[in-house]
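Undergrad: Below: one structure in structure tokens.
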Amino acid sequence: MDDIYKAAVEQLTEEQKNEFKAAFDIFVLGAEDGCISTKELGKVMRMLGQNPTPEELQEMIDEVDEDGSGTVDFDQFLVMMVRCMKDDSKGKTEEELSDLFRMFDKNADGYIDLEELKIMLQATGETITEDDIEELMKDGNKNNDGRIDYDEFLQFMKGVE
């Protein structure tokens, strides 16, 4: 598994991991190897509020199912959920945006600094340059203090819609 994805998975809250584990376990019941089939994966992700297209789902599966077993273990599933969570914020409630802010704010200091932003953006799997990351920070950091607070984050995310 790519280190960038591992870093992003580490930023998930225990609550998020527990929610993902509960959904995963529903589909793994009766499976001796503790894995779910790739066919069941779309159902699990939809149950968790994600709605990947069949193409996106296949792309994610291809990335994590390196041995071609047709199954995904929980660690691989977490990586897929992190990738899927990168979707834009259209229609997101303030509660969902608050959860997203906390996911970015790895050290829980109430701010997103450049390094936290970089880790999360790289975890999306998209090609992104240092200049792109710095530009996003500049766009989100309205008071020019070098970090994005919650209000700036909300304002920025509302502008993305």
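Heads up, the Cβ atoms here are built off N, Cα and C, so glycines get one too.
If you look up Swiss-Prot, you'll see D65, D67, S69, T71 marked as Ca(2+) 1 binding site. Under the heading Ca(2+) 2 binding site, Swiss-Prot lists D105, N107, D109, Y111, E116, citing sequence analysis as support. Residues annotated as Ca(2+) 3 binding site in Swiss-Prot: N143, D145, R147, E152. The domain 'EF-hand 1' feature in Swiss-Prot is assigned to 16-51; the stated evidence is sequence analysis. As annotated by Swiss-Prot, domain 'EF-hand 2' applies to 52-87, with the evidence given as sequence analysis. Annotated domain 'EF-hand 3' per Swiss-Prot: 92-127, in sequence order. Feature annotation from Swiss-Prot assigns domain 'EF-hand 4' to 128-161; the stated evidence is sequence analysis. Taken from Swiss-Prot, the feature N-acetylmethionine applies to M1, supported by similarity to another entry.
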Undergrad: Which of the binding-site residues D105, Y111, E116, E152 has its Cα closest in space to the Cα of D67 (Ca(2+) 1 binding site)?
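TA: When the Cα distances are compared, E116 comes out closest.
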Undergrad: Could you work out which of the binding-site residues (D105, E116, D145) has its C-beta surrounded by the smallest number of other C-beta atoms within 10 A?
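TA: Counting other Cβ atoms within 10 Å of each of the binding-site residues D105, E116, D145, the minimum falls on D145.
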Undergrad: Per DSSP, what is the residue count of the domain 'EF-hand 2' (52-87) in each of helix, strand and coil?
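TA: For the domain 'EF-hand 2' (52-87), the helix, strand and coil counts are 22 helix, 2 strand, 12 coil.
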Undergrad: Can you give me the Cα-Cα distance between N107 (Ca(2+) 2 binding site) and S69 (Ca(2+) 1 binding site) in Å, rounded to a whole number?
TA: 37
Undergrad: Could you check what DSSP calls D145 (Ca(2+) 3 binding site) once collapsed to helix, strand or coil?
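TA: Coil, per DSSP.
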Undergrad: Summarise the domain 'EF-hand 3' (92-127) by DSSP state, stating how many residues are helix, strand and coil.
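TA: Counting residues per DSSP class in the domain 'EF-hand 3' (92-127), I get 21 helix, 3 strand, 12 coil.
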Undergrad: Could you check which of the binding-site residues D105, D145, R147, E152 is the closest Cα neighbour of D65 (Ca(2+) 1 binding site)?
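TA: With Cα distances computed to D65 (Ca(2+) 1 binding site), the winner among D105, D145, R147, E152 is D105.
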Undergrad: Using a Cβ-Cβ cut-off under 8 angstroms and a sequence gap of six or more, which residues of the chain neighbour S69 (Ca(2+) 1 binding site)?
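TA: In sequence order, the residues whose Cβ lies under 8 Å from that of S69 (Ca(2+) 1 binding site) (at least 6 apart) are C35.
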Undergrad: If you skip the near sequence neighbours and keep only those at least six away, which residues in the chain come within under 8 angstroms of E152 (Ca(2+) 3 binding site), Cβ to Cβ?
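TA: Expected: G140, N141, K142, N143.
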Undergrad: Of these binding-site residues, D65, D67, D109, which scores lowest on Cβ atoms within 10 Å?
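TA: Counting other Cβ atoms within 10 Å of each of the binding-site residues D65, D67, D109, the minimum falls on D67.
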Undergrad: How far is it from D105 (Ca(2+) 2 binding site) to R147 (Ca(2+) 3 binding site), counting Cα to Cα, in Å?
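TA: The Cα atom of D105 (Ca(2+) 2 binding site) is 11 Å away from the Cα atom of R147 (Ca(2+) 3 binding site).
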Undergrad: Within the chain of R147 (Ca(2+) 3 binding site), which residues six or more apart in sequence place their C-beta under 8 angstroms from its C-beta?
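TA: Residues satisfying the criterion: Y111, I112, D113, L114, N141.
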Undergrad: Around T71 (Ca(2+) 1 binding site), how many other C-beta atoms are within 10 angstroms of its C-beta?
TA: 20
Undergrad: Return the average pLDDT for the domain 'EF-hand 3' (92-127) as a whole number.
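TA: Per the prediction, mean pLDDT sits at 82 for the domain 'EF-hand 3' (92-127).
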